[in-house]
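Trainee: The structure is given below, and queries will be raised subsequently.
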Amino acid sequence: DIVSPPVCGNYFVEVGEECDCGRPGKCQNPCCNATTCKLTPGSQCADGLCCDQCRFKGAGTECRAARSECDIAESCTGQSPECPTDDFQRNGQPCLNNQGYCYNGNCPILDHQCHNLFGAGATVAPDACFNFNRRGQGIYYCRKQNGVTIPCARKDIKCGRLFCVQ
């Protein structure tokens, strides 16, 4: 790794800087002093999804819309210029009229997964096929913990290996 001291005017906010809008004469941000890389008097912020005209946006102001029913819209805190970390509905939450289950902000539907993997004629296999995932052996499991496969609980059998038929 290369270690170098902070450089005011390089557009990167580094240790000791509150903002960095480029070199004096190039800076177009009224919230940032380009010579010192400090906020201008009265400014709370210079950049960020929750910064507007040098002030923090109010608490509850949406800064990132939900992309799907498995995503959660994020709102400004009123204390920071940054939008909070992207958050999702809990994994396993039913979605799309119980056709799928939320997973990391998406709603994968088993039929769509089969179609994408095996072509237009592929569909999800009968429920009985998914009972293999309760074994916790070989390729049939829900998760691994310390290298050991963990079988799926009855309610989670469709969270393990995907079974499709042509």
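Glycine too: its Cβ is placed from the backbone N, Cα and C atoms.
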Trainee: Can you tell which of Cys95, Cys129 Swiss-Prot lists as bonded to Cys107 through a disulfide?
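Mentor: When Swiss-Prot is consulted, Cys107 turns out to be bridged to Cys95.
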Trainee: Can you sort out which of Cys21, Cys27, Cys76 is the disulfide partner Swiss-Prot gives for Cys50?
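Mentor: Among Cys21, Cys27, Cys76, the cysteine that Swiss-Prot links to Cys50 by a disulfide bond is Cys76.
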Trainee: With the disulphide bonds as Swiss-Prot has them, who is the partner of Cys164, out of Cys102, Cys114, Cys129?
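Mentor: According to Swiss-Prot, the disulfide partner of Cys164 among Cys102, Cys114, Cys129 is Cys114.
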Trainee: Going by the disulfide annotation in Swiss-Prot, which one of Cys8, Cys51, Cys54, Cys63 is bonded to Cys31?
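Mentor: Swiss-Prot annotates a disulfide bond between Cys31 and Cys54.
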Trainee: Residues with Cβ closer than 8 Å to the Cβ of Cys45 (disulfide bond), same chain and 6+ apart in sequence?
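Mentor: For Cys45 (disulfide bond), the qualifying residues are Cys19, Cys31, Leu39, Cys51, Cys54, Arg55, Phe56, Pro81.
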Trainee: Would you count the other CB atoms within 10 A of the CB of Cys152 (disulfide bond), including those on all shown protein chains?
Mentor: 22
Trainee: Whose Cβ, among the disulfide-bonded residues Cys31, Cys76, Cys83, has more other Cβ atoms within 10 Å than any of the rest?
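Mentor: The most densely surrounded of these disulfide-bonded residues is Cys76.
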Trainee: Are there any residues at least 6 positions away along the chain from Glu14 (Ca(2+) binding site) with a Cβ closer than 8 Å to its Cβ? List them or say none.
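Mentor: Those within reach of Glu14 (Ca(2+) binding site), by Cβ under 8 Å and sequence separation of 6 or more, are Pro6, Val7, Asp20.
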Trainee: Could you check what DSSP calls Cys114 (disulfide bond) once collapsed to helix, strand or coil?
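Mentor: The three-state answer is helix.
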Trainee: Tell me, how many other CB atoms lie within 10 A of the CB of Cys54 (disulfide bond), whichever protein chain they belong to?
Mentor: 19
